[in-house]
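Trainee: Structure in structure tokens, see below.
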Amino acid sequence: MNKNFPFTINPLPYGYDVLEPVIDKQTMEIHHDKHHQAYADNLNKILEQNADKQKLGLEELMKSDIAGIKNNAGGVYNHDFFWSVMTAPNTSKMSESLKVVIEKNFETVDEFMSKFELGGLGRFGSGWVWLVKTTDGKLEIVSTANQDNPLSDGRQPVLGLDVWEHAYYLKYQNKRVDYVKAFWQIVNWVKVEDLLNNS
Ligand code: MN3
């Protein structure tokens, strides 16, 4: 992605059908090529009218008090992040070292997964659920509305799941719970651990 105006989005880092059957090809095409692209297009359009903001980076724009800038900047950032933490079903396993960190913060991996699922299911309307690293190095589950990102209050996301209906409706319809539970099959744990250690 372009880190400055005019913003672009990253190409999907794998084929549109690679996450099947957990996320279907058509959903990925619409989600990346239409929804994600639209956030970048809309952000650029608003910035054309706000020349004083054109020098700001994406993370700064995500904190903007102009709703259109904040929401679209978040949409660009969050989706690039989201694509990067997924991979083909059942090809990535949590390492022993990551498991130790998860257990230190959540008692058990099951407890972590259940808290994350509840965060995604409890988000009313559109938003995200995240695993974040706090400034003192602790792991927490947080849920944000719309395209808000925990970075804006100083917490570093290491895993995130889009629970907007556009992310799952074609395949799962109203059953967000099935989508959230199926997500575990496509988590890229290598990427999660990399974010945890290097960001
Ligand atoms: Mn989305």
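Glycine is no exception: its Cβ is also placed from the backbone N, Cα and C atoms.
Because TrEMBL annotations are produced automatically, they should be read as predictions rather than curated entries.
Annotations per TrEMBL:
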- 7-86: domain 'Manganese/iron superoxide dismutase N-terminal' (DOMAIN)
- His31, His79, Asp162, His166: Mn(2+) binding site (BINDING)
- 96-193: domain 'Manganese/iron superoxide dismutase C-terminal' (DOMAIN)
Trainee: Cβ-Cβ under 8 Å from Asp162 (Mn(2+) binding site), same chain, 6 or more residues apart: which ones?
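Mentor: Spatial neighbours, sequence-distant, of Asp162 (Mn(2+) binding site): His31, Asn78, His79, Phe82, Trp128.
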Trainee: Using DSSP, what is the helix/strand/coil residue split across the domain 'Manganese/iron superoxide dismutase C-terminal' (96-193)?
Mentor: 52 helix, 22 strand, 24 coil
Trainee: Using DSSP, tally how many residues of the domain 'Manganese/iron superoxide dismutase N-terminal' (7-86) sit in helix, strand and coil.
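Mentor: Result for the domain 'Manganese/iron superoxide dismutase N-terminal' (7-86), in helix, strand, coil order: 49 helix, 1 strand, 30 coil.
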Trainee: Could you work out which of the binding-site residues (His31, His79, His166) has its C-beta surrounded by the smallest number of other C-beta atoms within 10 A?
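Mentor: Comparing Cβ neighbour counts within 10 Å for the binding-site residues His31, His79, His166 gives His166.
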Trainee: Taking 8 Å from the centroid of the Cβ atoms of His31, His79, Asp162, His166 as the cut-off, which other residues in that chain fall inside it around the Mn(2+) site?
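Mentor: Output for this site, in sequence order: His32, His35, His36, Phe82, Trp164, Ala167.
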Trainee: I'd like to know the mean pLDDT over the domain 'Manganese/iron superoxide dismutase C-terminal' (96-193).
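Mentor: Here the predicted model's pLDDT, averaged over the domain 'Manganese/iron superoxide dismutase C-terminal' (96-193), is 97.
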